[in-house]
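Chemist: Okay, handing you the structure first.
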Amino acid sequence: MKSITTASFALILFGVGAASADHASRVLVLGGGAVPSGTKTYTTGIRATIDGDSFCGGSLISPTHVLTTTACIGYTKPANWVSVGTHYLNGTHDGEQIKVVSAQNHTGFNSTSGSYDVALLRLERPSKFMPVKLPAADDSDVIPGMRSSLVGWGYTSYPNGTKAYELQGVGLEVWSNTDCARIYSLDDTMVCAGGGVGKDSCNGDTGGPLIKERGPGDEDDIVVGLVSLGSRMWCGVPRSVFACVESLGMDQLGH
């Protein structure tokens, strides 16, 4: 498995034309509901086979790159395919299914602390769907108290639930790391968010996007976090930990 540094990770993100945020904010799994079909099409399902169940989520951040977390690239199942723009957990009847040609962990990833829990997938061909925007480097896109949305195909009930067949969304509030440190040990590569008891990420949501919505459509959505620690430990807790996309070192390129 290859790995990449903070600077080169950022270079990949911006060198391939990943969309960046141009700033203005809209106030959307467990405890949520199905999103309208044809929305959040930058959300990707990661699959072992072309038409099998998505076992992780991801975010299309350029036509040929998907951002996800480290647990999604071979620890349980091989990340052989991504399904982009699909509303459904499995099958090939909507969206597009594209083969993964390489997967890279961030070199800063620490399996003990969970720092830099980020991975990048490169696709065999460009996707026709619009990538999600990346956050600004000045911390202006992640503000404690702001509303955010989590989307994924994870369990909708726990512990005896099953994965959602349709893409789900739930609204969460971003917490300061100081407040969240009462529950978890955090660093600057993480962001904490929660929606109260019963509104959370769950099994199957790992790697999926935490979104800041800035308009009535999806074209200005920004991916600020990736489902990380919370979905691997328990479901339905008041707050969960996400990998912080702002911490990837984009500022080193003057973004």
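Any Cβ shown, glycine's included, is placed from N, Cα and C.
From Swiss-Prot, here are the annotated features:
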type	residues	note
DISULFID	Cys56-Cys72	disulfide bond
DISULFID	Cys180-Cys192	disulfide bond
DISULFID	Cys202-Cys235	disulfide bond
DOMAIN	29-255	domain 'Peptidase S1'
CARBOHYD	Asn90	N-linked glycosylation site
CARBOHYD	Asn105	N-linked glycosylation site
CARBOHYD	Asn110	N-linked glycosylation site
CARBOHYD	Asn160	N-linked glycosylation site
SIGNAL	1-21	signal peptide
Chemist: According to DSSP, folded down to helix, strand and coil, what is Cys192 (disulfide bond)?
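Modeler: Strand, per DSSP.
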Chemist: Cα-Cα separation of Asn90 (N-linked glycosylation site) and Cys56 (disulfide bond), in Å?
Modeler: 12
Chemist: Among the disulfide-bonded residues listed here (Cys56, Cys72, Cys180, Cys192), identify the one with the smallest other-Cβ count within 10 Å.
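Modeler: Least crowded of the disulfide-bonded residues Cys56, Cys72, Cys180, Cys192, by Cβ count within 10 Å, is Cys180.
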Chemist: Using a 10 angstroms cut-off on Cβ to Cβ distances, just flag whichever of Asn90, Asn105, Asn110 is the loneliest among these glycosylation sites.
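Modeler: Least crowded of the glycosylation sites Asn90, Asn105, Asn110, by Cβ count within 10 Å, is Asn110.
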Chemist: Helix, strand or coil for Asn110 (N-linked glycosylation site)? Use DSSP.
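Modeler: Coil, per DSSP.
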Chemist: Cα distance, Cys72 (disulfide bond) to Asn110 (N-linked glycosylation site), nearest Å?
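Modeler: If we compare the Cα positions of Asn110 (N-linked glycosylation site) and Cys72 (disulfide bond), the gap is 15 Å.
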Chemist: Nearest to Asn105 (N-linked glycosylation site) by Cα, among Cys56, Cys72, Cys180, Cys192 (disulfide-bonded residues)?
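Modeler: Result for Asn105 (N-linked glycosylation site): the nearest of the disulfide-bonded residues is Cys72.
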